Amino acid sequence: MVFKETFRKKAMMNLLMAFGSLAICVAIALFSLMPQTYDITSGEISDITITAPTDVIDEAVTQRVIEEEQAKIGPVYNTDANTTQQIVKKISEDFTAFENARGAAEEIYSADQKKKQQEVEQEITAVQQANAANPAQPTAVPTAYAVVPFDPKKTEWETLLTEDNVNTLKDLLPEYVTTAQLYQIVSMTSTQLTDMKDSITNHVQDVLYTGVRADDIDSAKTDVISAVTEQGDMTDEEKELVSAVVTNDLYPNMVFDEKATQQKRDEVAAMVTPIEYKKGQNIVRKGELVTDDQYEVLKSLGMLSAESTSIKPYAAVTIYIVLMFIMYAVFLAVFNRKLLLDTKKIAILAILTAAAYGITSIAQIVAIHLLPVFLFVILGAVLLSPKNAIVYSVFLSLLLMSVTTGGQNLFSTTSLMLLLIMLTGGFFAVYILKDMRYRSRLVLAGLVAAIPGVVISLLVWMLQVPLLSDQVHNVQQMLSAIAMVVGSGVLCGIVSIGVLPLIENAFNLTTPTKLLELSDPTHPLTKRLMIEAPGTYHHSILVANLAEAGCNAVGGFSLLARVGAYFHDIGKIEHPLYFKENQRNNINMHDSLPPERSAEVIRHHVPAGVELLRKYKMPREIIDIVRNHHGSGTVGYFYAEALEKDAHVNKEDFQYEGNPPETKEQAIVMLADVVEAAVRSLDSPSREEISAMVHKLIKARYDEGQLDNAPLNRRDLKLIAEAFINIFDGVYHQRIKYPEIKIHGAEDDDNVL
């Protein structure tokens, strides 16, 4: 019940801090959106110069440019292959009809010749019969009719063909064929018709291949007719027939594609660079006439006193900021609940976020390339952790998009450019700080964070990226942008050096920089340990080396383990001579004490150390290492001695008051402490002896349950043991014994080297 109440209060406190930070960011954003208003009218002379508070597009002028460019784009036509085939087919069908009509006319001609022949033969028979009946007065017998071979060109078709014949033949022909053209068709040979058809077809196909649009059809027909009629010697009647066929059979084979036309015009519109007023650029100059376009720009910015301000930008920015906070909170809830429930770190995040938003909004008034975001990414990397800082960097960069352009044009090209610079710069800074050993790396992190900004500014200048190129359109502006980005990074690194100690002390945080301070040999407690308990000091140094190696082997916080090891036995300075490493001349203070009293003195160094560290306001993580570096184990030597005297001795009198280690660092310091003391007791140990001792002691602590609460598995313990052995191997390696060499001519041993 108590735990639930504590959890509820902590969650409520964290929620309030997050909401407070959110409220501050929203307030700053809304304030940034409030433009100065002017009483100005289109068509009048301005008595003041008005500059753009943020990047703004001149919509009216941009739209005119778009319309002008779109007007240059003609309609898009697509060639229809089916239409081409249909036209060729129609020409072929027409000439087939021509041939059929010509054949029918030939049959009419043949029938007419046969009829004439029969009539002459009948007349001859009649004359012969009359002469036979009246031989006295014979009549001359007519000459037999000579059939005239068919020649369509020489046939008098107008005389031969009756009206019924003409109508019958026209029924075989296309409707557009006139009577005169009918006479021309039947006057031609099959070869002539075939040649005419082939010529028309070829020239029509040539024209259709390039495509014929509706507005070009007349010229296309003229071209085909001219091309066909200019070949050979054609009569006027033949030319008329060609013209009739082409005129009636040729039509457009290109279809207007409305969708493609609109798409092309849209593409042109998208390629038009918006006409834009940059932040700080004059919209209206004093003494100049205010144009309608300028008036509309001022209206869009809400800078006209007579116009009511639209709430859309305010609502959009508010929603965007709230959305960013929610996304970050959801991410922490899913992937890092430990951080989400850490009141101290949530307070730091809330303060950093609100400060970052406020300072960035001020910096953007000066220049868009001033990016204080790097300061807060650096602080996040040190105060939280590199992994947490990566996510925080993404959140902060996205959040600050709402302020980098004055709160408007959230997703403008400029905003996206700055987002890219902030994101990549933040990642670079975090990478540099992942293994921080010196404060100078803070400045280096700031400098490295500026590299993406330099590269992007150079690329924009070289490639002249639309919209962005206005920011760095010449060498001077490009160099200015680079100088601002680099200056921002370096300044952020320098400022972080001064700000970090303030935050560390205010929240009593264990950060790499704080640990670096505590690892300084000139620290008051370290100096006391060195002077008052030199044996313990040297023991602590070796334990620190072991702990650091062990942490590196399993991914622990090696700097924390090292510093914790420095102070793990700091409580021994109250009674240094009661600990073997500080005893001299074989004088053991415990010889005159009962086991219970000796155990009490030994056990007391843990609470004494905790109290001393609290007095010096040491971080909680260091105090926890000291409190738990013996776990809940017993003072084995004196407990065994007491059992020899009294089998019913109370074990709790010999037991440390700490808890089994709960973190990797606590557990590794415990193991380093016990193995260092044990190996030191060996006389010139070999690597095999050291290895056996290390594995034996680690197994003993494991079997006792001292490692049950630590996030270490058997594989981790094996890696830790190997790391310890490697350190001991360097300390206890066999030195080569050099032979004594006497200098030539020496008379005594003083010259032995």
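Backbone N, Cα and C define each Cβ position, glycine as well.
Keep in mind the model is a prediction, meaning the values are calculated, not measured.
According to TrEMBL, the feature transmembrane segment maps to 314-334 (among others). Listed by sequence, the residues of this chain that lie at least six past the ends of the transmembrane segment (314-334) yet keep a Cβ under 8 A from its Cβ atoms are 18, 21-22, 25-26, 29-30, 33, 340, 391-392, 395, 398-399, 401-402, 407, 410.
Residues 14, 17-18, 20-21, 24-25, 28-29, 32, 339-340, 371-373, 375-376, 379-380, 383-384, 392, 396, 399-400, 403-404, 503, 507, 509 of the same chain sit 6 or more residues outside the transmembrane segment (346-362) yet have a Cβ under 8 Å from a Cβ within it. What TrEMBL lists as transmembrane segment is 346-362 (among others).
Residues or ranges marked as transmembrane segment by TrEMBL: 368-384 (among others).
What TrEMBL lists as transmembrane segment is 416-433 (among others).
Here TrEMBL flags 442-461 (among others) as transmembrane segment.
As annotated by TrEMBL, transmembrane segment applies to 481-503 (among others).
The domain 'HD/PDEase' feature in TrEMBL is assigned to 532-687.
Nonlocal intrachain contacts for the transmembrane segment (416-433), taken as residues 6+ away from its ends with a CB within less than 8 angstroms of a stretch CB, comprise 368, 371, 373-374, 377-378, 381-382, 386, 389-390, 393-394, 396-398, 400-401, 404, 441-442, 444-446, 448-453, 456, 460, 468, 471, 485, 489, 512.
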